[in-house]
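Sequence annotations record features per position, and here TrEMBL assigns transmembrane segment to 12-32, 52-72, 84-103, 123-142, 154-176, 196-218. TrEMBL lists 13-217 with the feature domain 'Cytochrome b561'.
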Amino acid sequence: MGLGVRAAPFTYVAHALAVAAAVMVLVWAIHFRGGLAIEATNKNLIFNVHPVLMLIGYIIIGSEAIMVYKVFPTLKHDTAKLVHLILHGIALVLGAVGIYFAFKNHNESGIANLYSLHSWLGIGTITLYGIQWIFGFVTFFFPGAAPNLRRSLLPWHILFGLFVYILALANAELGFLEKLTFLESSGLDKYGTEAFLVNFTALVVVLFGASVVVAAVAPARLEEPQGYAPIPEN
């Protein structure tokens, strides 16, 4: 049974929320946390690259890859598939770089690595994302599986992709919670502007992710045209 709604309105909402989330995380990192740096005496500036890249580079660009079929429903299928592949590849690379900066900050600050659920899920999620990308490339792009096999694997590719995406969103929420908890335990005002900004950013990311998921499973038109279908019913 279909949702009975078109994907387009949800893509509009998702894009508006993506802009809001990107602005909010940049304000947090630059205005409240002091800025971004690849190398710095203040190691916190190195860490600040992590949430920016993970949200804007990993989650938002990955979301654009998911929605490309619905944002441009009249785009040739092969072109949309290529854009989908490239955007996911960019998101994967930027996500890996974002994780690198978390490790760099920890190593240069004498902080232990991989001790929290957030870090465990982060490594697991980026690994699953990479597996999903390789699977999609080999099966649907080059060399490409037989048409019948591609049709049978497509629902599983979509389902697994949405699972990894939701896992990434959940881990982002853990990341906001973990960082804010550390800051508050170090003296940050629990009811101050920065604390509210972090919490509201996390809420916007939840709403953004929900909009993307609905856009992904809803048809581009109420009567889906031939070509890409979000989740085949049969």
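Quick reminder: no glycine exception, Cβ is built from N, Cα and C everywhere.
Unlike curated entries, TrEMBL annotations are predicted automatically.
From a predicted model like this one, the values you see are computed outputs, not experimental measurements.
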Ranked first among 12-32, 52-72, 84-103, 196-218 for CB pairs under 8 angstroms with the transmembrane segment (123-142): 84-103
Recorded stretches the transmembrane segment (84-103) and the transmembrane segment (154-176) touching, at least 3 CB pairs under 8 Å: no
Model confidence over the domain 'Cytochrome b561' (13-217), averaged pLDDT: 96
